[in-house]
Amino acid sequence: MAQVQTDTDKKLDKKMSAKNIKRVLTYLKPYRMKITILFLVILLSNIIMILGPYLTSIVIDQSIPNQDARQLTWIIVLYAVATLINGWASRYRLYNITLLGQDVLRDMRSDLFIHMQKLSFAFFDSQPHGKILIRVVNYINNLSNILSSGLINVLSDILSIIVTLAIMLAIDVRLTLYSLILMPVLFVATMIIKNKQRAAYDELSAKQANLNAYIHESIAGIKTTQSYTRESMNYDIFSDVSNQQREAYMKAVKAQDMLSPIVQNIATITISFIYFAGIRGLGVDVSTGILIAFVGYVNNFWNPIINVGNFYNSLVSGAVYLERVFEMMDVKPQIQDAPDAYEMPPVKGEVVFRDVTFGYTEEQNIFEHLSFHVKPGETIALVGPTGAGKSTITNLISRFYDIKDGAILVDGMDIRDVKVQSLRKEIGVMLQDTFIFSGTIMENIRYGNLEASPWDIVDAARVVRAHEFIQDLKNGYRTVVQERGSTLSAGQRQLISFARTLLADPKVLILDEATSSIDTQTEILLQEGLDRLLEGRTAFIVAHRLSTIRNSDRIFYIGDKKILESGSHEELMKKKGHYYNLYRTQSKLLKKV
Amino acid sequence: MNSIKWVWQYIRPYLFGWSWASIMVVAVALLNIVTPYVGGLIVDNVIYNGESDLLLPLLGLMLLGTFVRTILRYTYQIKFERIGQNALYQIREDLYTKLQELDFTFFNTTRVGDIMARMTGDTDAIRHAIAWLYFNVLDNIVLFVSALIVLSTIEWRLTLALLIVTPFIALFTILLSIKANGAFYEIRESFAKLNSMVEENIGGNKVVKAFANEAYEEQKFDVRNEGFKKANMDSVNISKTYLPVLETLAGFMAVISVGLGGFFVLNGMMSVGNLVAFNGLIWMLNTPMRNVGGYMNDMQRFITATYKIREMLNTKPLIPVNQKKSIQEMRGEVEFQNVSFAFADEPEHFVLSHISFRAEPGETIGILGETGSGKSTLVNMISRFFDPTEGRVLIDGEDARRWNVLDLRKQIAIVMQDVFLFSDTIKGNISYGKPSAEFEDIEQVARVADASQFIEKMPERYETYLGERGSGLSGGQRQRLSLARGLIKHPKILILDDTTSAVDMETEVKIQKGMKDVSRDTTTFIIANRISSVKNADQILIMSKGEIIERGQHEELLARKGSYYDIYQEQLGQSEVEEEEDEDGSSTD
């Protein structure tokens, strides 16, 4: 049932690759100066951390046996200053690591969003919107720690591992080798856990996306759900999806939390072994002082390894999110500007279809060899049975889809040769489903032309007869409407959408069922505005109302993947073909009482 | 405190596991102290005193201690994660249930992104508190208390001196928590805003492209994206004032210990050995002090989250769902008695005023009227999506408010103006209101709604998947699917709210004919703009500005030559002229 699509788990097809790591690094590159400084500051505080025990040992070894109160005082002062410096360093570190992380997130999210703007309808139509949303918003947030504190800490950890290892080697090579003897075990264990963890996180991210998508759809479709009293069934589906997320989470955590105990046990075994080797000989001959120091270093050595292990942990889980993000960035926009695309100059509005073949899928064509020529300023009504492809023709002119064969020319320019955005600026489309953004009515109308003044907006609203109802609203044009304009009626939304299109002032106008929800009285009033709107523009109108159709210069009757009839109302009536039948049926239906 | 009390109800079912896990936390914290202690024993007894026969037992003890400790730790970590997940699951369920109870008024005024933020980000902050924050705090408390005990036994005066720092730490922690609260609130608000903005952009992607407004959208996005960053930075600006201070104060404990301890030794008040031991254990006192600031931040995040979630859970739906009235077979009689309605946020502005009419079972009522004249609001009151501000709506002679909402809605099918189709198969969408429907049934209603033709042409016919909101289908196709979805319920009352506006007239007539057969006993309300859709109705209501201005049957209304007549003339329009030219004139009745 409804969960099926929210339940399809997209498995990652690629292995975690070095390419992705390189890609992450490109996001860090602009901040490399900051990262270097941060790294140095962290190094400084690490040195101070070592300084503490050192100062303590001086107190115990020198000041006290020598009864040197003066030295003790100096050491205390030094220690206090070091602590203050460390406080400053931690302040610097806290602020700048967060800043770095936030900057990187912002950049990445911004890139993803900009890329998303280029993706075609098919991308948005093919998956639940909740799944797209989670990538742009939530997944990117999940990367925050890995990219900032995680990365920098791991650098300083690796550094201290190297330093410690060098000191250990300087003290005693054999003991050092002894302390590394269990490294391969750790390595193998990490690999096993990593594989489990990656699979588990992959599943978790898929389940999380399913859950979010289901929640999202449940909210968006709540009115339908309540009307159809589907609540209890939806609840069951939700419980199921939610439970799957829970189990996937537990699986992921069980794998992830395994690493730390393993490292700690290995560390303890190693230390025991060093004690044993040091005390019982085993070919090592070291003094007790050195042995104690050495054990201290082994401890120092394992702590950063635990940290690195934890970082690796989060990297593995974060990588899954990262890959989903990159996966979306890699979706190729279907409609792309040609490399040598140029800005479309202002057009007169001539539209030519030359032998156009198009289909949404490979197998099925909506049109085959469709050709027509529309002169600037002409108004064309598209009629025909529902699903014949009237809207499709209008979608092709705006290049929302690319055709399979043939060419579409606007003012003689092939629309694939110009920049898509410049083409769409010349074409005004009023879509079947009106979309209202949350914001004021004024802002919603302004969407058609961002430079429009309030006067222009009121003018446009007057022309399309939206002014009356807007004035009746509590705050007039400043009334805030919620997303999708749920507080407005469908007809009111259409009027706003109409005003928006008028404001855009396009040369080619497409009205796709633009007035279907507007009542007749308003439409009569609107007609006047519509006439003004159509003046000097090429227009394609998809409508069912006879009066609208009749007034157009030419009528295209669409069917059988082509234009079956074209001509003015009078011509087509004389022809007594499809249009004649359609028209006659309609008037008959109206008259029959 | 309220937040903790509230979240406790979600933990209480797992009280047993929770207690055991808590005991394990204490055990592990104590074992954490034991391991370094055994290390010390090895150094003192084996290395310095040469008691080499103690080596193996001590090493064994250390290994065993670590083994037991790590196992216990892993066990309680998983236990807390499990309890956290269970609580999270339950909270989400409660939110989801609430979501389904809430009424249209709530959804008309609350952004989808905002609800999303509550159900995802906020619930996660709670999970974090249960599954991570709690045991870490407990662990640190145990550490702190045992440090106090152990250190006091070594040298109580020095311990007392160290505690001088604690009031300052407490002070700064409290200051931090006061300041941080607002900052976390801002973070989650800006997160919800970002979420909503992106959500709208995805939903409105067609409009964005149609107006080539991508650059504008990117600008809007930048504001939200920067806003979210800024909220995070504001919070860090507060943290950076307090956390380093806490860290430094904790660091000063070590300075005091060495310094004062050193003077104690110099004055003969303390032995060197005790100073070494004291210093070796100072971390136990230090660590909790260092961590307290971070925990306080997490705590504030948790409190903010519970606040938002509880707010939603406490929202009272205007239409209560759980009213008991035994299910009765509805006849389908609908009567409006002097009904007026105003939305709660605009009480002085009446959307409907003094509406009275009566529909007998099986009758068809046509409703015609201006855009925004209250037609949809009127029919929404039959399903009780809104209750009248004044007057009564009677279903079968019984006040709708006394009906159980679910029972009422089960017998009413409303085919809405805004067609919402789910990401599901066509079959799943049609049978949405009746998941148990037989396939033959589905095919039949699809035929009646004139949808079967285009469905048959789809690649996988009834099994074809639709995107969210049914994108990929034309407006007319969506309307017909939505009609089929309404018909399959075989309702007693059927409400068609502008259902066929995107369908051509011929198809509409076909649909109407088909519907007559399947819904003969159904009381039907048809909202439409076309005369053709309503003209066969038993009663036609013409609405204007929330009032019924004309009513009657088609012919009566035509005879009256009022607004209905005007609309009719306009819609008939040019076809009149056509008739004159029409040679055979067969269509004139």
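Including glycine, each Cβ sits where the backbone N, Cα and C put it.
Note that the structure is predicted; figures quoted are calculated from it, not measured.
Per TrEMBL, the feature compositional bias 'Acidic residues' maps to B:576-589.
Sequence annotations record features per position, and here TrEMBL assigns domain 'ABC transmembrane type-1' to B:20-301.
Taken from TrEMBL, the feature domain 'ABC transporter' applies to B:334-570.
According to TrEMBL, the feature region 'Disordered' maps to B:570-589.
The transmembrane segment annotation in TrEMBL covers B:12-34 (among others). Here the transmembrane segment (B:12-34) has Cβ contacts under 8 Å with residues 65, 68-69, 72-73, 75-76, 79-80, 82-83, 86, 135, 138-139, 142-143, 146, 150, 284 of the same chain, all six or more residues outside its ends.
Annotation source TrEMBL lists transmembrane segment at B:54-72 (among others).
Among the features that TrEMBL reports, transmembrane segment is placed at B:133-154 (among others).
TrEMBL lists B:160-178 (among others) with the feature transmembrane segment.
The feature transmembrane segment is assigned by TrEMBL to B:242-266 (among others).
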For the transmembrane segment (B:160-178), which stretch among B:54-72, B:133-154, B:242-266 has the most Cβ pairs under 8 A? B:242-266
If we skip the immediate neighbours and take only residues 6+ beyond the ends of the transmembrane segment (B:242-266), which ones have a Cβ under 8 Å from one of its Cβ atoms? 155, 157-158, 161-162, 164-165, 168-169, 172-173, 175-176, 179, 272, 275, 278-279, 282, 285-287, 289-290, 292-294
The answer for the transmembrane segment (B:133-154), taking Cβ pairs under 8 Å and residues 6+ beyond its ends, is 21-22, 25-26, 28-30, 32-33, 76-77, 80, 162, 274, 277-278, 281-282, 284-285, 287-289, 291-292, 295, 298-299, 302
